[in-house]
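To start, the structure under review is shown below, and the notes come after it.
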Amino acid sequence: MLAAPAWAVDMSGVDAADKERIRAIVKEVLREYAASLGDRQADPAAKEVLRNIVRDNRNFMRKNGPDHFAPFVDGQHPRATVITCSDSRVHMQALDATPDGDLFVIRNIGNQIATAEGSVEYGVHHLHTPLLLIVGHSACGAIKAAAGDYGQESGPIRNELDTIQIPKGDPGMSSIALNVNNQVRRAMAKWEEEVIVGKLTVVGAVYDFRNDLKRGQGKLVIINVNGETDPAKIAALDLVQGLDGPDGKARKPATHH
Ligand SMILES: [Zn+2]
């Protein structure tokens, strides 16, 4: 990280256009300097992590031959558009044993539509996924931040927290669920017609890796179906019938791979 440059000059007498030009020149000089460093300044941890990533990718390539890629080399036909949080503890293998080619995933802090609306639209409108799944999660840092005072955060971070509409002071599960429900409401308003004719089903869920909801650690708890949030009414829906069967396994619809 670069600290405030010690050589910063007093620009109080310079007009705005000149200031902007000077800033652009300084940025360019810094960019060239950073590029000239190569990896001399790199944290050793970065090397270790990159090594791991390259090795894991090599193993992935060895394990997966052309058969693995054949179903989607010429195009994608995902079954669902998924909006989830960027949190490192939330990953697709918790929801899909074979996510490749299967899930069109949008990730951002707080699993929001507002901060990635075009990406969500792409999944729903261009890829025509019949399911839009919005996944919040236990212990969400974005919810915690949005429930508190985040005035000291940078502009870009503040922008992505401003769109999380929850009450101040409650960073817990009720706010996590409220945020998911807000996203479902937004999606319903956006794709009302598609939902009404049955082309799109919007589902809100919480991935509970801490077992805060006491439904089992790691459970994807469905809390909203097309705006319905009453657990009894959700449980009665044909859509969720048999999902919590005695074998604990959901029946997977026919897939294309
Ligand atoms: Zn989160």
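Using the three backbone atoms N, Cα and C, a Cβ is placed for every residue, glycine included.
What TrEMBL records for this protein:
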BINDING   Cys85, Asp87, His137, Cys140  Zn(2+) binding site
Cβ neighbour count within 10 Å of His137 (Zn(2+) binding site): 25
Neighbours of Cys85, Asp87, His137, Cys140 excl. site residues, C-beta within 8 Å of centre, Zn(2+): Thr84, Ser86, Arg89, Val90, Gly110, Asn111, Gly136, Ser138, Ala139, Gly141, Ala142, Ile143, Ile176, Tyr207
Sparsest-packed of the listed binding-site residues (Cys85, Cys140) - C-beta count within 10 angstroms: Cys85
Protein Cβ atoms within 10 Å of Asp87 (Zn(2+) binding site), excluding its own: 20
